[in-house]
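Written out below as structure tokens is the structure these notes cover.
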Amino acid sequence: MGLLAGSTVLLLTIIWGTCVIVGKCDIEDSIALDSTDTRGFSQTGSGISTDIWTSYAARIMVISVIPFVIVQLPQMLNSTSGRHLAVLIGLVISVCLLISYCLYQIFQPWIQKRKLEYIKHKHVILGLLRHLKMRSLGKLLKDNGEPDTDVIRKLFATINENKDGHLTHGEMTALVVGIQFEEIDLDHDDAVTRIMADFDTSRNQLIGEAEFVNGVSRWLQGAKRSKDQGGDAGAHTGDEATEVVENATWIFVKAGLLLLLGALIAAAFADPLVGAVDDFSTATNIPAFFISFIFLPLATNSSEAVSAILFASRDKRQTTSLTFSEIYMQ
């Protein structure tokens, strides 16, 4: 119980707060501007914003507190006669909420859809960067790892067929369709709309040369950062998208096997873990609940914490929304 409570507190305090700090951007009209952080720690001018689905996740988290409140009612009312009844009612409500949540995830799988949309968009970005690299008259990155803006400008000139100094939705569609993303079921119009949203900072439905250079530079830096953190970013993102789309049956089987494996591991190591905590508590004169509440969550959630913080640090509303949705739903 201490481990579960400590993990929840850790997620909603240290990890939540750290994600807010590393993911903050400038705020305009209550909306965070992607990859723009010029105002420091301004209480009104910087912060994060999330989509409506993240607020749904927060509400589900609040609803999950109801059984805990019911169990605590006799304690808060200094009553001893109703404790067993409160526990029974809390158990019944917990089981009902668990079943309802599982059914909700099956019939309203918005979290999975958002992840898949993000993966597809990353796949489009990496595919487009490869395509631009093949069409370029030189390397897109300089020897020092910085984007080569001169080469990117030459690319803009080759893509801008009518030489009017702007790329339209139609010209970007022709570029994306020409890449032929065969390994995933890609909605080309949606992909182009997302690219336009990434590049068109002036919101005039056109991509100017400066916007194109800045957009490609951000993509290159993001791809380089992902590669530095986890190997081949392109292969990883593309393979993940393909696996989700094409191997749905295997995904279900794998999920079931992992659930079974997790249950077996919990059954095998739960009692030794409790014994180890008791022995450590006796040897150090530290209360066992304090060890399970503070130290164990830090150990068991360290990799998850690092992953969430790195994801939130990309300073984009979409990645921030996914990060906080994961925190709320755990």
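Cβ coordinates are placed from backbone N, Cα and C, and glycine is handled just like the others.
Where the annotation comes from TrEMBL, it is an automatic prediction and has not been curated.
Predicted, not measured: the structure shown is a model, and the values here were computed from it.
Record features (TrEMBL):
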- 56-73: transmembrane segment (TRANSMEM)
- 85-107: transmembrane segment (TRANSMEM)
- 147-182: domain 'EF-hand' (DOMAIN)
- 251-270: transmembrane segment (TRANSMEM)
- 290-312: transmembrane segment (TRANSMEM)
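Ranked by the number of CB pairs under 8 Å to the transmembrane segment (56-73), the listed stretches 85-107, 251-270, 290-312 are led by 85-107. Here the domain 'EF-hand' (147-182) returns a mean pLDDT of 78 for the predicted model.
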